[in-house]
C-alpha cells in the first residue's frame, strides 16, 4: 500500500519538469557522452519509400533499425522515417513488411526514446489502433519498449487503462501479465477504473488455465493489485476462491499463501476469513474438496499457523464450527487438512483452549472417527489416531481442559483401532472408578475384565487389566475378598490354563499365587485348582520342534515355572499359618509335580530350572526335637512352625528300620503334644521329598540340579528328625550315591556340565554326602557301610582324595567294625598318593587319628606299618611343606613308632633314619660331598629289614621278631611307587622358598635371616628328637619319666652324685653311702654327711620359670603362706616335674626329700615323726654295726635325654680286692630281710618312720623323686604274703599292667606298682590291691597264646609284655596280669597314666636280665653325633651301648652313608683306633679331694668310667664332660622342669539358652545341661585338683587349693597331656563382676570348646578373649544323640592348617562318650599344634618347639656354657667347637663355620643306623 505514494511523488517531478522548475530525468543512453548524430539522407528515404521494391525497403528498414538503436538521429529524422514506412502497416501488406515496420518502431523507441516527445503518443496510437488482431507479439514488443516494460507511460496516460483491458481480452499472455505487473506497480492510479475487471479476468485465467506459469504470473499481478492498489470489495470472493483453488497446486502453495497473507494483512483480512468460513459452510461447495481444503488451510494457517497474523482477532471457537460443517460430506482430502489444522492448533495453543473449544474439537474428532469407517484411507486413519494420541498426551500432562469422560468414551468406542498405549491409559482411567465409593464398582471391574481381558488379544492390555485387578485385591481384599474371588477372580481367571498368551498366563498365575498366599478360606482350594492346572502342562518339547526354536518354546512355559515357584512361596507362608491343611496340600502338589519331571523325563532348560529352585527350597526344610518343621530366614535363623509337623503323631517311628538292619532307629525326642484339635495340625512327611531326592540321584540329567542336591544334602542330613520320623530309607540313599560313583554311565546322562568335567568332579560332589551319611551308620546295612568305604577308597585316585581321607578318618571313629577290615588295603592305597601340600594335612591327620585307635591296627603286619611311615616321611621335607605339616609329620612318626608292635620297631629304625636323611638333612646340606647321600628313594623301594628277610620258622620262644613278607607281589610293587626322597635340584630350587614361606611379619633383614636360621635348626632338631625317640622306644615301652622306688630312696639317700654331659645326654650317677640305712635305724644322718645334708626350706623359695615354647604357658608359680594352708599353683608344662635329684650337689635328707624347689618340695614334704617316736637304744646300737654292710656297692644311673629320662638301680657284684679293708656288699635277700625286720620292729614300737619300704603302703605319701627304674629296680620286695618267692623284674611302675575292675576274685597283686601308686596318689583315686594267683615269665619272642591274649586288651594303649629272666638255673616264676576296664585314653603316658593305660603295654615283650659282673660293654657310633645311647638287656646278659663320638679311621669299613660305624669294647678289647686328643690336665686337676669324696661309698666316677670310658674318644666334642660346679647342677634342675611330653590347655564354655551374645552370662554359668555333662565326661578323666600334684599332672595353671574350683578334666596319650579349663567348674565369685578370674585362664588358651546349647549361632568374638585364642570348636547338640562340630577361626588364625576338617561342611558325630572323646580330642590336638605354629609367627626368631626340642636345646646350651666356662677357667685351652667332618679345600677362603653350621654338617654326615650294633 506504500507504492501509490511513490507514484504521487513521480507526478510531482513531472509537473516540475513541465513548469521548468526541475531538472529532467537524465537519459541513461547519454551516459557515455554526446553521440554523433546520424543524418538520414534522401537516398535512404528514397530507398524506404514506395518507389523501391518491397524487399529493398525491408532490407533498408533493417539497416535503419541497427542505426537507430546505436546512433542518434538528426532532428526530425524520426518523422521522416515514419512517413516513409507507415504505408507498410496496412493490413494488406505482407506480414514481413508489417513486422519490419514494428521492429523499426521498437528500435527507434529504444534508441531515440528520450527525443521522441509526442511521437510516443503517435506510436502508442499506432499499436492501439492496429487494424487487426494480428502481430500481437510484435505489437507487445513495441508496447514494452514504449513503456519500458510498463514503467513509463508519458503521453500515454489517458488511453492506457482502456488499452490494457482491451488487450487482456485479445491477448492475455504471460508476457503481457508481466508488463501488467509493472503497470500496476508503477502506474496503478491510471488503472483504478478498470482494476475490478482486470482482477476478474485474471482470476478467471487462474481458474481456467492449466499452465502453472500463467497462474504464477497471474498471482504476481494479483499480488501487485493487493499491494499497490486497493482490491475492490466486489472482487474479494472471486479472489479468495481463486486462491483456495490455486493452493492445491503443489508448486504454487508458497506464492498463494504469500498472496493470501498479504490480503489478510489489509483491511479486508477479516472479510477474507469470513468469506472462507462461508465457503466451508456453503452447501454448494460441499463437493468442492479443493476449495474446502484451501479454505481450511488458509483459515488454520492464518489463525494458528506457524506464520499466523496477529492482526486477525478470530478465535478458534469462531471458525472450528465451519470446519465441522466442512466435514458434512466425507472427503478424505478435506478431513486430512482439518486433522492437520486442528492438530496444529492443539499442539501449539493447547493451554489457551477453553472447554467449549475442546467440545467442538471432540465433535470434529468424533466425526473424523466416523468417517474412518467409510473412508479407506490409511493415511487419514493414522493421522486421526495420532490426533487422539496427542489429546491423550495432554490428558497425561493435565493440559486437557475438555471432558475426559467424553474423550475416553471415544477411545473405548474405537478401542480395537487404538494402540496399546491408549488402551492402557483408558484402563488406568477406568480403574480410578473401581473402588467401593463408586456405585456398581464390582460390575465395572467385571465389565473391564470382560472387555479388555477375556476378549482382548493384546498382551499388554490384558496385563494391564491384571495389574488393575491385582491392585484392587491388594487394597480392598481384606474387606471384599469373598466377593472379589467369587465374582471376578475365579470367573475371569478360570480360563488361564488354556490362554494362548504365555505372558498373560504367567502374570495371571502370579496373581493367583499372590492371592492364594494370603487366602485362609475355602476359596484357597479353588485358587490352587487353577494353579495346579497351569502346572499340569507338559514340559516336553513337540517332536517336530527344531533346536533353534527351543528357546521360544521354553519361554512359553514360564507360567509353569511361575506356578511352581509360587507354590514354594505359598508353602513358606502357609507353614506358619492356619489352616495347616493348606501347607500339606501345597507340599504334596510340589512333590507330585517334581515326580512328573522324572516320570516323563522333562529335559528342557526351563524344567531343569524349575527343579533347581524347587530343590533349593525344599532342601532347606528343618525339624526340631518336637518334630516341628521350619525354614531358615535370610540371616540363617530357623523358625519352626507351631502347626506343621514332619510326621503324624500316630506314626510308629521305629517302623522305618527293616529287620535286616543292624539297629533300630532311636526313639528320639518325645513327640509334641497337640495343643488343639488335630485338624489344626498339618503333616508334611519328609519321606515324600526323600523319594524324590532318590529319583533325582538316579535319573537327574542336569548337572546344576544334581550338584545343588548333593551340596544341600549334607546339611539336611544333619536333622535326623526329618529322616527318622518318616519312612526314609538311608540304605537306598547310600546305594544311590555309591551307584553314582560306580556306574559308568553316570557321566553320559549328565548335561550342562562345565568344560573339562570328569568323574573327579562327580566325586567331589558326592563324597561330602557320603561323609554326612557316616553318622547314620547305625541304620545302614553292613553291606551299605562297606559300599561307602569302598567308594571313598576309590575316590583316593581323584582330586577329591583329601575329602575322601577326611571321610575315612571319620569312618575310623564311627564305623570301626567296617574300617578294620579295609584298613590294611587302605593304608597301602594311601601310599600311592603323591606327597603334595594339598594332601599333606588330610593324610597326616588321618594317620594321627588312626594312631589313637589301636583296636583298628592291632593286626597290622610290618607291611602296613611300613606304609604308614612311607606316607609320613615325605612330609618331613621342609623345602616342600610348611612348618605345621613338618611338625605334624614328625608327630605322626613318633606316635606310630611308639604304637608299633615292639618286635617290629628295630627293623623300622633304618628305614625312618634314611627317610629323614633324604627328606630333611639333605635339604640343609651345603657341602660339596653329596654323592654319598643322593639316595633316590627311602621309600619302600628300599624297605625295612623286616620286609626284606624271609619269614623265620615259627618257634615257641624264638628271639627273632615275627616278621612277615608281602603275600602278593602287587603289594610290593605298590610300595615301590612312593618316593619320599628329594632330588638335588628340587632341594636347591625350593629350599629357600620353603624356609621363608612362614609369615615373618615386618621384620628387618637381620631378623629375617635369624628366623630362617632358626627354622633350619628347628627341622634339624626335629630330626634329632625323632632319632632320640626311636632309640628310647625301639626295644621297650617304658615311660619317659622314671620314679625312684622306695628301695632306691632307702639305698641312695644322701648318696654321692655326679653328672656328665655325653653327647646330647646328661648321665647322672648316684652311689649309696648308708644315709638311708641310718635313717631307717633312727641314726643321725648328720654323723656321716655333716653340713651337706641340709635341706632348704621350701617356703623360702619363689621360682618363676619359662619353658619352651616360652609363650603363654610361662606363668609365675609362687608359694604363698595363707594362714594354715599352702596354696600351690601348677606351673605350665609341669614345672614341678622332678627327674632325679634336682640339686645333685646336695645329698638327700633322711626322709628322702631333697631341696627340690618350692612346689615339688611342698608336695613331697614328709611329715615329721613325733618326738616320742624314737627307736630303743639297744636296737639302734645293735643295727648300727651293720650299716656298712647294708648299702655298699649300690648305684643309680640316671640318663636325661631330649625325649625323656631313664634310670637304673644296680649293685656292684665284684668282690673287693683282697687288699681292701672295705666290707663286701650285703646280698639283696639279706637286705630285704633286714628291711622287713626293721619294718616289723617299727610296727611293734609304734614309731611312724617316714621311709617307705613297705610295698603295701597304699596310704603313704608318694616319694619325692618321680623315677621309674626301668631295668633293675627291685620294687617287688619280699613279703610274707608272697609265699617266699623272690624274683628280679622290671619295675612295677613301668609294667604297663593293671587289675581288671569288676573281677576282684581273679587275680591279686601283692605289691602296688610305685608309679601307679604315685599317679593314683596324684589324682586322688581309689585303688584296689589284688593278689595274683600265678606269675608268668617269657622271653622277648611272644607265643601265639600270649598274642591272642594281648590282642584282647582294651583299646587305649600299646600292648607290651615284659619278660623277666633270672640268672643261671634260677627257677622261673610266672607273673600274669589280667586286662582292665578302660579308664582313659592312652597307654604309656609320661605322667598321667591310668590303670587301663598301664594295662595296654602288655603287647610286646623284651627280655631284661640283671646286670652281672660278666656284662659286656659294646660301643658303636651314635645316632645324633654319637650322643645317643640305648640300654637294653637281652637273654641273660645285660648289654650297655655307649656311643662315643668322633670320626673313624679310613681303614675301617664304611657304612652305606660313606662313614664307618665305630665299634669297640671298653672292657674286653683294645681300642680300634687312636685319635687326636686335646690335653686338659689343668681342668682335670682343677681341685683337690673335696669333702664329698670323703663320704663312704663308691665314687660315682668309678661307675661312670666302667660304662663310658674309652682311650680314644676322638675329638673334643665326643668326650664326656663333667659338670664343673653347682651352677650347672641348677641348669640340670631346670632341665627337669621341662617335661618330656607336650602339654596343652583348652578352654571349655557352656552357652545356654538366650546367652549366644552375652559374654557375662556365658562366663557366669555354673552348670550345663545333661548332654553337656555327658560331653564333659567324654573329654577325659575327672580329677580332683586338691589331690593332684602339679609336678605329676599338668594343670595348665589351675590352682590346687580351690581358687579355680575343685575338679577339672584332663586327657593324655603317649607323648602329650591336655587339661581343660572348664568355665562351669570354676567358682563364680560375686566380687568378680566381670569374671576376670575365669578369663585369665580361658583367655590365654589357643583353642576353646563352645558347647552351644542356645539354639542360635555363636559368633566369634562374643567371648572377648585374649590375643591368643585362635580357634573355637563349637559343639551343637542335635537330636538322636548326635552332635555337630564346627570350627570358627580368627581371620589371622590357623584356619588354613585345619581346613580339611571343614571340607565336608561340618562334622556330625554321635554323642557317645567314646566317639566324642576320640573325635574332639584328636581335633583339639591338631588345632593346638596348628595354633602354636601360627602363634610362633608373631615372633619369627622363636620358632615353635615341642618339649622334646626344648629339652634338646637346653642340653645344647648347657654344653656351650660348660665349654665357655672351661675356656674362661683355663685360657690356655682353645674354645672347643664341634668340628665338621667334611674338610673344605685349603685354598677356599671360607669363613670359620659357626657352631650351628658345624653341627648341621656333622649331623648330616653321621646319622647312622644304630640298630646295626644293637
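In case you wondered, yes, glycine gets a Cβ from its N, Cα and C as well.
The phosphoserine entry in Swiss-Prot, when matched to the candidates 24, 660, 939, 1336, corresponds to 939. Per Swiss-Prot, the residue from the list 521, 1206, 1465 bearing the note phosphothreonine is 1465. The range from 1325-1356, 1357-1388, 1389-1420, 1517-1548 that Swiss-Prot describes as region 'Disordered' is residues 1325-1356. Cross-referencing 433, 1145, 1654, 1772 with Swiss-Prot, the residue annotated as phosphoserine turns out to be 1772. Per Swiss-Prot, the phosphoserine annotation among the candidates 981, 1268, 1289 falls on 981. In summary, of the candidate residues 932, 1130, 1472, 1738, the record from Swiss-Prot lists phosphoserine for 1130, whereas the others have no such entry there. Long-range Cβ contacts of residue 540 (phosphoserine) within its own chain (separation 6+, distance under 8 Å): 600, 601, 602, 604.
Averaged over the domain 'Rap-GAP' (1532-1766), the predicted model reaches a pLDDT of 81.
In the three-state DSSP scheme, residue 540 (phosphoserine) falls into the coil class.
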